[in-house]
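Asker: There's a structure below that I have some questions on.
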Amino acid sequence: MLQVNVELKERRYPITIGAGLLGDPNSYSSLKAGDKVMIVSNPTVAAHYLATVTNTLNGLGCSVDSVLIPDGEKYKTLDSLNMIFTALLEKNHNRDTTLIALGGGVIGDVAGYAAASYQRGIRFIQIPTTLLAQVDSSVGGKTAVNHPLGKNMIGAFYQPISVIIDTNTLQTLPKREVSAGLAEVIKYGAIFDIHFFEWLESNIHHLVALKQNELEYCIQRCCQLKADVVARDETEKGDRALLNLGHTFGHAIEAHLGYGNWLHGEAVSVGMLEAAELSRILGDLSAQDVSRLERLLAQAVLPTISPDGMEPSEYLPYMWRDKKVLGGQLRLVLLKSLGKAYVTAQASEQQVLSAIERFTQREFHE
């Protein structure tokens, strides 16, 4: 078992990583006999893990209820949020309740925002069951739901009291979801740590195959990198924005296709390449490093060209709605080199379009 601590100005919380944690009472040290718990999950995850978590908490003397919301990014909505509120109210939960998010990034985001909002805030625990959620979305307190006009437009910064990462949950994860998580893993190396990027180049096949030792190291390293930046910049006023490499481009893909048609990690994969190519156009990143990133993403079984039929100009309306737009300027996370990212507003719209064009479906432009 491994542990990473997220050190905030006012408090800290643990991220625990290991196999078999869901059924281990020691994983729930922040709960005690008599505590009220509401578990938020979806039918797919609940079929595998809800009984284990419920039985373990009952064994601790907790009173446990659960609510299931539909599965998928297209259900990361105010309607799903309202389902959670209704369940909490119908079961007479109050400010003493602890809400548990049992699932992937959608569950974590919606349940986290419910915890931030219900009776002005209740405690919550993240139990991420996808690789993407384990290395990224469950850590750091970003919670949100989508709006038809943009992703994550309604939300709050709200930190969990703990994160429990049971690597056994990855064994039931579809291979496509594993690859989507690896996009965020590769992102950490690209923005913060060239040595980790090089380790990934040597070990990506072990991660695709879900080898336990490599997985645990990878998850721990990603969580540590995320914890470090969250400790410096909890509410994304500075360095934390670097975690959005590829996301401005990627969110445009997701919104254009309709949420859920491409997985978030798949869209971020292409978005990172478009950001890398823009970095090359601006004179920062070498063509060789763009190719290294492209090769690593391909080895992770991720898309490396934009969706069929999506023209470069179709990105722009979504990109201009991005939360990082300030003072009428499109601010993008780019790469000085592999392992070093920065934020700039210096790229022209034509340069952005040229970068997107480089990774647009070949047959569409022939």
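Cβ coordinates come from backbone N, Cα and C, glycine included.
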Asker: Determine which of H205, H206, H247 appears in Swiss-Prot for the same Zn(2+) site as E184, H264.
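Answerer: Looking at H205, H206, H247, the one Swiss-Prot places in the Zn(2+) site next to E184, H264 is H247.
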Asker: Within 8 Å of the Cβ centre of E184, H247, H264, which other residues of the chain have their Cβ, at the recorded Zn(2+) site?
Answerer: L132, D136, S137, A183, K187, G246, G250, G265, A267, V268, G271
Asker: Identify, in sequence order, the residues in the chain of T169 (NAD(+) binding site) that are 6 or more apart from it along the sequence and have a CB within less than 8 Å of its CB; answer 'none' if there are none.
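Answerer: Looking at Cβ-Cβ distances below 8 Å from T169 (NAD(+) binding site), excluding near sequence neighbours, one finds L22, H48, Y49, P128, T129, T130.
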Asker: Of the binding-site residues D71, K74, G105, G108, T172, which one has its Cα closest to the Cα of H264 (Zn(2+) binding site)?
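Answerer: Out of the listed candidates, the nearest Cα belongs to G105.
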Asker: According to DSSP, which kind of secondary structure is E184 (Zn(2+) binding site) found in, if we only use helix, strand and coil?
Answerer: helix
Asker: Fewest other Cβ atoms within 10 Å: which of the binding-site residues G105, G108 wins that one? Let me know.
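Answerer: The binding-site residues G105, G108 were compared, and G105 has the fewest Cβ atoms within 10 Å.
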Asker: What's the CA to CA span in angstrom from T172 (NAD(+) binding site) over to H247 (Zn(2+) binding site)?
Answerer: 27
Asker: Based on Cα distances to H247 (Zn(2+) binding site), point out the closest of the binding-site residues D71, K74, G105, G108.
Answerer: G105
